[in-house]
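Asker: Okay, handing you the structure first.
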Number of protein chains: 2
Amino acid sequence: MLLWFLFLESRVMRRIRLIVSYDGTNYCGWQKQPNGITIEEVLNSAISKLTGEEIEVIGASRTDSGVHAYGNVAVFDTNARMAADKFAFAINQRLPDDIRIQYSEEVEAGWHPRKNDCIKTYTYRILNRKIDIPTERLYAHFCYFNLDVEKMREASGYFIGTHDFTSFCSQKSQASSPVRTIFSLEILQDEDMITIVVRGDGFLYNMIRIIAGTLIKVGMGVYPPSYITEIMKARDRKFAGQTMPAKGLTLVEIEYI
Amino acid sequence: MLLWFLFLESRVMRRIRLIVSYDGTNYCGWQKQPNGITIEEVLNSAISKLTGEEIEVIGASRTDSGVHAYGNVAVFDTNARMAADKFAFAINQRLPDDIRIQYSEEVEAGWHPRKNDCIKTYTYRILNRKIDIPTERLYAHFCYFNLDVEKMREASGYFIGTHDFTSFCSQKSQASSPVRTIFSLEILQDEDMITIVVRGDGFLYNMIRIIAGTLIKVGMGVYPPSYITEIMKARDRKFAGQTMPAKGLTLVEIEYI
């Protein structure tokens, strides 16, 4: 009788949600792929070792190669009998030091990190000076040309709201709709570090890196701030600025609403 | 006649001073040594390639393996005919991206970076939270235990002034005198990042990393702030805290006075 009860209990499948931070430098992005090691694979392997099951995490943001995160979100299902908040520490013991679970908790069985409304916050960091700083080289895009931050701030206003972002999207995108909502886009300055902080309901492929490249052109005086409206109207990738390097981009937070 | 003039001019030896920044992660410190690659070697090789001479730089601070710098200072002598301020850019083209010359200028022939009075500024960064942040792991010491910053600030006052720092010095030190002057020691806090900023006329071997380890013990409540005086009086390395890891330490600036 007692054995039967234990057997039943050990089969209570739970869904665990993780807040995942990583230094993207040494990874080919989040999603499993044939050409290199990815965050997803390393997580699957660490959690499988911990629980003895074959774990496949589901991630919220499938960040690109080289992109960093403080707060990506992932879930996995497990029969393991461990307090939900202890998974973070236990998984960390099996992870390399460039990936860390910040938090773990139980969520409802059906909860899916990509099928729930959310606000995503990303930063794009630009080091604007004449010579790069070695300790920033992996976490900021180095820009030699003097940027006019006030002009960049003026331009940032045109991105806010619900727009068709076709011009700010890589042609490789497979999204069904190019319409997205940006809730805020701030440009912070701390000495020679310029940080673009953008909050939205989701972003198209390479969208923030293209927005960063476009804002850099505004800062350099190549585009006037109001030209953002023209670029948007054109619905043509060629009108916007370059796709900036992945290393400047960090997924800061995903808030489910 | 013209040829003779060129020959003479090409032999005007100049001393060039460099401000050198580096990410110490991948180096066995500044000074040449048999077991691995050092900043000094990489600089010698890059400048030698540029000028065609056999260059040996003289560094101000022979930072340890893993220590970072924004503003170490080095000099070299050259016959190369290039505007002094252009050396920075020309050398950078021959350096790996984890070393960058920030500035170059001509100084007097006899000027020596270790034989002139100076104020050195170092920072020691401590990330004080429950779980490490991957993008900070190479540039800050991760401390799990909750630190009382106010107590650390109280303790910092005892270091200021001219003292015998024998207790805060690795036994490997070869310094002729253990007396040093600390002009200021501030403890800054930005969310969970605690930064010790220390300015002094020079530091003994591992001195800042031992001061950091001692301040962490104060922050943890192991030592009361006033115990710093006892440690100093003891003139015994065993009384002070642990030597903290190199990666938290950055040589920020050397001001010659």
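Every residue, even glycine, has its Cβ placed from backbone N, Cα and C.
Curation plays no part in TrEMBL annotations; they are all automatic predictions.
Taken from TrEMBL, the feature active site, nucleophile covers B:Asp64. The substrate binding site annotation in TrEMBL covers B:Tyr122. Taken from TrEMBL, the feature domain 'Pseudouridine synthase I TruA alpha/beta' applies to B:19-112, B:157-256.
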Asker: Across all chains shown, how many C-beta atoms besides its own are within 10 angstroms of the C-beta of B:Tyr122 (substrate binding site)?
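Answerer: Summing over all protein chains shown, B:Tyr122 (substrate binding site) has 24 other Cβ atoms within 10 Å.
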Asker: In sequence order, what residues of the same chain, 6+ apart, have a Cβ less than 8 Å from the Cβ of B:Asp64 (active site, nucleophile)?
Answerer: B:Gly29, B:Asn206, B:Ala246, B:Leu249
Asker: I'd like the per-state residue tally for the domain 'Pseudouridine synthase I TruA alpha/beta' (B:157-256) from DSSP, helix first, then strand, then coil.
Answerer: 34 helix, 32 strand, 34 coil
Asker: What are the DSSP helix/strand/coil residue counts across the domain 'Pseudouridine synthase I TruA alpha/beta' (B:19-112)?
Answerer: 25 helix, 26 strand, 43 coil
